[in-house]
Structures are given as structure tokens and as C-alpha cells.
Amino acid sequence: MRLLSLLTFSLFAVIGLAPAAQAKDKLTIYTYDSFVSEWGPGPKVKENFEKECDCEVNFVASADGVALLNRLKLEGSKTAADIVLGLDTNLTTEARASGFFAPSGIDQTNVKVPGNFKDDIFVPYDYGYFAVVYDSEKLPNPPKSLKELVEGDPAQKIVLQDPRTATPGLGMLLWMKSVYGDEAGAAWQKLQKRVLTVTPGWSEAYGLFTKGEAPMVLSYTTSPAYHMVVEKTDRYKALAYPEGNYLQIELAAQTTTGAKNPLAKKFLAFMTGPGFQDLIPETNWMFPAGKTSKPLPAAFDALPKPEKTLLIPPYEVAKNRRLWVNEWLAATSR
């Protein structure tokens, strides 16, 4: 009995002297909801980076890219975000002016996007072209130009996204402004007759489209690749318009809070390499912006290629965004 007590005491003494398991370092990433969905890149990105960093990644999702910036502005210096992933070039001037973002400090040699966008704060991770995607079984003769979309049959509906919360919605706003200029308000009034509804983010809009609520949706030239690869169908198609298609380059950046976390810079560097970039074509269904270890899926060869790329300089977007949103509101509320 005495021996048992001694052994028991010795066992507890050893346990007491053993170091406690250390909690893993954490990285908090604000992004949009489709990125972290079960079919998006988020789960695999988390898995790949956690293996590399021996850390814990926590995603916090918002409706879309514009909503991300709005949220960060509300939280200010108290934000929990180390990284914001899901902004685009249309928001960089405004995001920089907020003072909540810090230089990336990483080598961006492998990053290549149309127009050779480079920035010391905002790092591209993918890009694509906004397009009208349509259901060829319900709409055998889709609008072949932006003009035809604006002036076509009101019975043929399209689902759009809100430019105040969603980067695709903002992209559509800038697409219309690029083509119609001072006549954009009048063009919006005409197009409004074809709009079934305006959603807060891309996911809601595309969900309505695939459920058959409307034969058209604002999405990307790359969206049909998902249906070709996953669903083995070419039913859904995208259109390259003669007026041009508006370019989106998606970006990530570390916050000033995140700059104090060594994992933030490490993640941005990881984001430009194959562990992240290989996932983009078949989970985010966009073109990769960094180094990959394999070619694009064959389905991408069948996608329409815009002959003309439209992109308004970020400083001009920042200067006029509120004015153009108000123009859209006035035109579509009549």
C-alpha cells in the first residue's frame, strides 16, 4: 500500500512537471462567403496553410468584397482581422485611404495579372472577367452585346448584385459607366425592366439563377467551367461582348493589426504559390494570379475570351463611386 502510494505520488509529480501543450498560433482572415463554402477554396486553403505553418486559421465571412471593406471601417483598429481577402482593384484607393492596411513586404515576382497590376499593400490572388451567364435551354437567343442586354425583352430576366455590398455588383456599375458614360443613368432605367432582383452577394444571385428563377445572371466568363467540370454539362454559357468585358482582379492584404502577427506575411507569400494557386481554377473558378504546378483545366479552353478589357483606374472609382451608386439608385427606383 505504501509502495502504491509512492508510485501514485511519483506519477502525479512527473505529470505536474510535464510542460502544458502549447496553444497554436492563430491567423484570422476576413473573406467572402463563397470563398469559405464547402465547394470554395477556403477549406483546402486552410488545410494546406495549417500544415505549413503549424497554426490555426480562422475564416470570418461577409456577403462580398465591398461588405468586407465596410465591416473593417466599422471595426477600425479593434478589428480581429489579420488578413482581408476578397477586395479588388476597384476598392484599393478607398481601402488604402482608410489607413487600416499595411505593406505586404513579400516578393511578388510570380504574380502576373492583366495590366501588370502591382501594389505594395494589395496582393492579387486571382482574376476574371464579368459576364452575363445564361441558361441555353431556357434562353436559346441571349443578348449578344451590352446594348442588347439593356434594350432587350423585359420578359427575359437577369439577377444582379448590389454595388454597395458586392464586388460583382460594383463591377456591373463600372461596366455600364465604361460603356455608356454620361448616359449610364438612362441605360440603367432600361435595364431595370429586365432585373428580377438585386442580391447582397454573388452566391445568392447565382443560386437563384441555377434554381431557374431567371435565365441570366451577372457572373464571370469562367463560371461555366464549374458546370462543365463538376456537372458534366455545357448548358450554362457566358458571353464576351463587343463593347468589352470588365476585368476584376481580386486582392488580399494584411491589416495594420495583422502586420504584428508573423503569420499574416507568411500567408500572403503562401497565397502566391501552388499551395493556394492550384486551388483557384476548380474551386473559385477564376484565373490564378500566381505560380501553379499544373496547367488550367481543359474546360477553360472552351470559355469565351474577351476581345476588349475594360477597367476604370482605382483613383477614379474612389472619387466617383458614391456619385455613380446614387445614379444607379435614382435610375432603378423609378
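Just so it is clear, glycine is given a Cβ too, placed from its N, Cα and C backbone atoms.
Within TRP188, TRP202, the residue that Swiss-Prot lists together with ASP64, GLY65, ALA166, THR167, TYR220, THR221, THR222, SER223 for binding thiamine is TRP202. In sequence order, ALA131, VAL133, TYR206, TYR236, ALA238, TRP285 make up the list of same-chain residues 6 or more apart from SER223 (thiamine binding site) whose Cβ falls under 8 Å from its Cβ.
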